[in-house]
Amino acid sequence: MKDKVVLAYSGGLDTSIIIPWLKENYDLDVIAACIDVGQDDDMEAVRNKAIKTGAVKVYIEDVKEEFVRDYLFSAVKAHILYEDAYLLGTSLARPLMAKRLVEIAHAEGAKYIAHGCTGKGNDQVRFEVGVASFDPKLGIIAPWRIWDIKSREDAIDYANSKGVEVPVTKEKIYSNDKNIWHVSHEGGDLEDPKNEHKSSMYFMTTPPEKAKDEVSYVELYFEQGIPKKLDGKELPPVEMMQTLNKLGGENGIGIVDMVENRLVGMKSRGVYETPGGTILYAAHAALERLTIDKNTAHYKQMISQKYGELVYDGLWFSPLKEALDAFVEVTQKNVTGSVKLKLYKGNVMVAGVDAPYALYDEDISSFGASELYDHKDAEGFIKIFSLPYKIKAMIEKEKGN
């Protein structure tokens, strides 16, 4: 009886050629596991392709609900970005996928997990750290670090030699990752940063200049940092994301073209579409500005940066990330209320916020008189606040500086 390997399978170029390669080079029974995080693929076609290519069994695992509820909404509450721009769509999906791969490996008695991540990318780290977090005894097979295939052109040639149908050509060679949160585009002419990316590559988004000429309004209601209602209607997490993606996509929202610092040390360029996520981030940030005090808000910005780095680096299941979650939860206890946004040709603008726990008081913040704040009080405050700088100036003057 052959040993088994569970392959993280998408039906794309890399994982399609890995099935025959594993059978040839390891003599293993290949179990293909497609973890559905909202790719919008024809899953029956994915299943049939895996079997046709040589898999002995195929798992199609729909984890969209868990992905949105436990991963994406956690990202919204923490307001995480990588290098101030990337909403971490790929990074957020990998820990859940790794967890499910381990569960399938245990159910099947498999000794190995295989993936199609390249030896230059971040995903190899994310998958393997995720697997090790649940079962460090499982073996890892990473073909891109082993085989003689050195480029996507080589991979296409190998696929053709094995009669494997793949969804790319040497002329259309972008590498894409899609889920319910985003689409990423890498490779091809994007590798030269002088090249403007082509809007024809977009999957989820209308180019801003071609978006509709009318303004769209949307109102989101949050409870303790979690989006619950859209335009007054309570929606389950997956439907919430699907609706926001459609609305954001129609209005050209959420396109990012950036050069980022990969975990493995090199820089890479990616184009990201995150229409619904960009809307959620804008609404949540507007609500936080009214409901979180200054010191906590400023400290949370530092926490958010570190949290984003942990997620990017594949450390979702780390003790530090668990500790940061505890901090974030406390900050969200009063982040409840409604945010109205205006969407227009790639722009998201706040059009009103209503929060029952708002720390903003119109009477105090206005230029008029207030029982809690007398304009004359500012004079004493300024004297105390500026005291260190007065002392510094006096000392420098005495020394002749």
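Backbone N, Cα and C atoms are what each Cβ position is placed from, and that goes for glycine too.
Remember, predicted model here, so these are calculated numbers, not experimental data.
Annotation comment: Swiss-Prot describes A8, Y9, S10, G11, G12, L13, D14, T15, S16, G116 as ATP binding site, evidence class sequence analysis.
Per Swiss-Prot, L-citrulline binding site is recorded for Y86, S91, N122, R126, S175, S184, E260, Y272. Under DSSP, Y86 (L-citrulline binding site) is assigned to a strand (E or B) in the three-state scheme.
With a cut-off of 8 Å between CB atoms and residues at least 6 apart in sequence, the same chain places T90, S91, R262, L263, V264, Y312, D313, G314 near N122 (L-citrulline binding site), listed in sequence order. Look at Swiss-Prot and you will find T118, N122, D123 tagged as L-aspartate binding site.
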Return the residues near S10 (ATP binding site), defined as same-chain residues 6+ apart in sequence whose C-beta is under 8 angstroms from its C-beta, sorted by sequence, else 'none'.
C34, Q39, D41, V46, G116
Let me make sure I understand the span of the ATP site: among A8, Y9, S10, G11, G12, L13, D14, T15, S16, G116, what is the greatest distance between any two Cα atoms, in Å?
13
Taking the centre of the Cβ atoms of A8, Y9, S10, G11, G12, L13, D14, T15, S16, G116 as the ATP site, the remaining residues of that chain with Cβ inside 8 Å are I18
Y86, Y272: which of these binding-site residues has the sparsest Cβ neighbourhood within 10 Å?
Y86
How big is the Cα-to-Cα gap, in Å, between G12 (ATP binding site) and T118 (L-aspartate binding site)?
14
List, in sequence order, the residues of the same chain other than T118, N122, D123 whose Cβ lies within 8 Å of the centroid of the Cβ atoms of the recorded L-aspartate site.
C117, K120, G121, Q124, V125, R126, R262, V264
